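Asks: Here it is, the structure in full.
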Amino acid sequence: MRITQGQFSFLPDLTDEQIAKQVQYAIEKGWAVNIEFTDDPHPRNSYWEMWGLPMFDIKDAAAVVSELQACRKVYSGRYYIRISAFDATHGWESLRMSFIVDRPAEEPGFDLERQEVDGRNIRYTTRPYATNKPSGQRYS
Amino acid sequence: MSDKSETVKGEDRYKAGVMSYKKMGYWEPDYQPKETDLIALFRVTPQDGVDPIEASAAVAGESSTATWTVVWTDRLTASEKYRAKCYRVDPVPNAPGSYFAYIAYDLDLFEGGSISNLTASIIGNVFGFKPLKALRLEDMRLPVAYVKTFDGPPAGIIVERERLDKFGRPLLGATVKPKLGLSGRNYGRVVYEALKGGLDFTKDDENINSQPFMHWRERFLYCMEAVNKAQAETGEIKGSYLNITAGTMEEMYKRAEYAKELGSCIVMIDLVIGYVAIQSISKWARDNNMLLHLHRAGHSTYTRQKSHGVSFRVISKWMRLAGVDHIHAGTVVGKLEGDPLTTAGYYDILREDFVPQNLEHGVFFDQPWASLGKVMPVASGGIHAGQMHQLIHYLGEDVVLQFGGGTIGHPYGIQAGATANRVALEAMIFARNEGRDYLAEGPQILKDAAKTCTPLRQALDTWGEVTFDYTSTDTPDFVPTPTAS
């Protein structure tokens, strides 16, 4: 299965040139750009690992693309990598963009556990198959 | 329109008998509204032969302290403070016989945190007043001091996006169809297919509560099975607006608690439950980390006609105060009423922290929201993937685009319909961010995206040309005129 988190998961995988254009859009809006990675794609996993600090003062998307390439050298194929853009404007102070730019070749997806409780209720637990293994050994 | 104050002063003001409203002190053309005053703008259509200023003063009087005759008990109060004051009356452009009346109300006339109290004054008796042919509340300026007495939306746009982990694009939804008659099990099927196919939300319709064909518990159970299964199939957070509208508040709380017990992230109510019920369930939603969706069922009975009723921009302001996270606010391009400029005014009122006066959008006053949460507008009714460029152009990014028929009516099934909508949306946002003229190039952008997405091609083949092009009844009164150079 293909995890569809982020803005552009329903489109074909983005090229570096396409990524650069999206990043340039964020930069021109004055947003900080962040690269994050994880091998726990649970939909409620808010805190992916940060590849350095968010880039607050860059002018050119090329800087982000070169950081992304460095991140890929370490994690590509074994981790999800996403780019996000943060808007510090009063009244927003949150993300404005978030999209996946790299994903493991094989995505086994999620197990949905159902625990039947009283009154026909079911307690649901979503568990990525990958997280049965320790972090770092999940996708290879 | 200028006229002098005719207010009678001193003991003559309190002689028993009937006195015109403008003589009683409800017309004060020199009055300067205070920063803390609430201001209402009414469209007043007096009966033939009735002086527009007297009619407007009567509106001020009947919506504040006046009755039909002088009463001596006014003298036991600081009555000049409590009188609403009409301070300006303008003829409506291009509408002979109608007038815009500006009326200021002292803050002390209102109980904080109560839409019911506000509306009992402002739209209480006065709309049936005999000397008027018609009356419409067009807009209100709510002072910060008053705004701060409300909690506003339980989550608001930003917190909702953070909870859902969805940024940088409109959210996508669909209302389950047919709206009546499906069993719980079949209903959940539609929810699952739509969510798995790529939508973020599905929605109960306004009149789906607990009927013989489907008890509400059945719907909730099957919807949550569908939501959880779709989440596991996509790795994305999904939701389904469970409509908890019921006959009594007690029953609504019961349904809300059950939705919470099942793990739903959102519940839904209808506007027809009333202002008190909306505020009560808003508090409940805030206490229980639940998003609150409001369907504006019934609003067109009083918002649509320009001559009489309450403008939807006022309802939008009241609902932002009352505290809902979502409200249906028009599509511009779909099947329901919605002039583009007027709709832009509603969207600004719901989403901005400061809304400047903009007569072309029908917004008569600067409105500061003082950091009150933002409401996500919902566009629903007769929209489809082929309109994606127009929807984003008119409605922006912070909106739920709701494709009911446009998802479920797809010739190759509900999942295909959902995927078509999601691909169209992502492709359009992607093109916009790349700097393309997406409005002009929209049809081409969609065609290109359809090359790698068969469901989108099928959707465009089915609905590509469908439009709903009718004249709006509720349009701004002020149009830009070219300045002489």
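Keep in mind that glycine also has a Cβ here, set from the backbone N, Cα and C atoms.
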Asks: Check TrEMBL for me: it has B:Asn125, B:Thr175, B:Lys179, B:Arg296, B:Ser380 binding substrate, so pick out which one of B:His326, B:His328 it puts in that same site.
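Replies: Of the residues offered, the record points to B:His328.
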Asks: I'd like to know the mean pLDDT over the domain 'Ribulose bisphosphate carboxylase large subunit C-terminal' (B:156-463).
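Replies: Summarising the domain 'Ribulose bisphosphate carboxylase large subunit C-terminal' (B:156-463) by its mean pLDDT gives 96.
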Asks: Give me the long-range Cβ neighbours of B:Asn125 (substrate binding site): same chain, 6+ apart, Cβ under 8 Å, in sequence order.
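Replies: Result: B:Glu62, B:Ser63.
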Asks: Would you mind checking how many other C-beta atoms are within 10 angstroms of the C-beta on B:Arg296 (substrate binding site)?
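Replies: Around B:Arg296 (substrate binding site), other Cβ atoms within 10 Å: 22.
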Asks: For B:Lys177 (active site, proton acceptor) and B:Glu206 (Mg(2+) binding site), what Cα-Cα distance in Å is obtained after rounding to a whole number?
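Replies: About 12 Å separates the two Cα atoms.
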Asks: Under a criterion of Cβ-Cβ distance under 8 Å and sequence separation of at least 6, what residues of the same chain contact B:His328 (substrate binding site)?
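Replies: Listed in sequence order, they are B:Leu294, B:His295, B:Arg296, B:Pro377, B:Val378, B:Ala379, B:Ser380.
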Asks: Which site among B:Lys177, B:Lys179, B:Lys203, B:His295 has the most other CB atoms no more than 10 Å from its CB, taking these as recorded positions?
Replies: B:Lys203
Asks: Between B:Glu206 (Mg(2+) binding site) and B:Thr175 (substrate binding site), what C-alpha distance do you get in Å?
Replies: 10
Asks: Can you list, in sequence order, the residues of the same chain other than B:Lys203, B:Asp205, B:Glu206 whose CB lies within 8 Å of the CB centroid of the Mg(2+) site?
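Replies: Neighbours within 8 Å of the Cβ centroid, excluding B:Lys203, B:Asp205, B:Glu206: B:Thr175, B:Val176, B:Lys179, B:Asp204, B:Asn207, B:Ile208, B:Tyr241, B:Asn243, B:Met268, B:His295.
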Asks: Validating a neighbour-count step here. Other CB atoms within 10 A of the CB of B:Ser380 (substrate binding site): how many?
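Replies: Around the Cβ of B:Ser380 (substrate binding site), 25 other Cβ atoms lie within 10 Å.
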